[in-house]
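A.B. asks: The domain 'J' annotation in TrEMBL covers 105-166. The transmembrane segment feature in TrEMBL is assigned to 15-35, 74-94, 191-213.
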Amino acid sequence: MAGMKFEYDENGGKFFYFFLSVYALILVPATYWLWPKSEEKQSTHLEDILSYPPCRDKYHLLRASEPRRRRRTIFVKIVLLAAWIILLILAYRVSLIETEHKEYDPFMILDVDLEASISEIKRAYRELSKKHHPDRGGDPEKFANIAKAYKTLTDEEAKNNWKTYGNPDGPGVTHFGIALPKWLVDHKNSLFVLLIYTGVFMIVLPVIICIWWQKSARYAGDHILIDTIKIYHFLLTKTSLISIKRSLLILSASAEFDRRLNPMIVDRPSDNIELPELFRELTNVQENIKEIPFQQLYSIKARTLIYAHLHRLDSLSDNLEKDKQYIVRRSINLINEIINVAVQLVNVQHIKHSEIGPKLETIENTMKLSPMMVQALLNTKSPLLQLPHITENHLRFFETKK
């Protein structure tokens, strides 16, 4: 009864077929999703850019990230093109691999015709034996093949086995090829392979999973820190009616603005000099408030920059301007999260028929923060300031109808 035999890839041919298939399955969809999409060029109104400073500043701000985005696009294209070149090289390498399986033919080994007689077969065997016998410096493996071919053609049982099974030894074992190089399981390389398996599956993979889990467990929806949601929940349950001014306080207390929880935040020694100057210029920052967590330094800085944005101050240094832009961009999602937490607390309040919890006016006041941040305008200011070229000096003429 035939058994089974597993054979590893001696020459690496099967491994290249396997690797090429997996590589192509990954590369094709990756190219489709990662290849940079072409962007439509937007027309630029030069008269607005050159004549009105805020438009000019916005123009330069929007295009400040273009060089970085262009470099990233070029890098992605180069990586994908290099990956496709590797794929073509692998395909060419696979095309050069010769088929290992060859049908056993004793006539070809002895170099005789299919209709050769026994005497011709014996003569050919003697000549080849003299030439390839190990005692005369011949190849032992080749001589063994010659002897096997001679036995196949002269022994009836061996000849019948060859005609029936393609092998003079009868039904052999079933061969299964494994698409791995044989050196991978060689006992000489066992320590090296064991170290690789140990490093990958017991060190690298667990560390990657642990890091991913720690990072993902810190965030909720919209990539907002769980600590921030806890702060919102604590502050919203502490006071039932929250004004717009207090909503700004709650926004400034977000954990996203804390350097210890967000590596994107930068604390500079120059803040100790520049922020006090802003305190004197902004009268509603409330830098001396003692309530937790509003007295934290990160909250004071975030609150100061938020008010600088709402007052449209253009005297900030480059460092504070970068910090302000980051805080303003993050504030929109954070305001939405404050509203979500307030809505959840209101729903719980109605379900439990409790009087403890935020009022609907709290949600309304918090919702007003979004247009304030987008328009860079306090709710106490005139809506006419949203129009280009309109300043505080113009308002008294509009109000007196002159």
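Glycine too: its Cβ is placed from the backbone N, Cα and C atoms.
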A.B. asks: Report, as numbers and ranges, every residue of the chain located at least six residues beyond the transmembrane segment (74-94) whose Cβ falls under 8 Å of a Cβ in that stretch; write 'none' if there are none.
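C.D. replies: Distal contacts: 13, 16-17, 19-20, 23-24, 27, 30-31, 34-36.
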A.B. asks: Within the domain 'J' (105-166) only, compute the mean pLDDT.
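C.D. replies: Summarising the domain 'J' (105-166) by its mean pLDDT gives 81.
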A.B. asks: Counting by DSSP, what is the helix, strand and coil composition of the domain 'J' (105-166)?
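C.D. replies: DSSP classes over the domain 'J' (105-166) add up to 48 helix, 0 strand, 14 coil.
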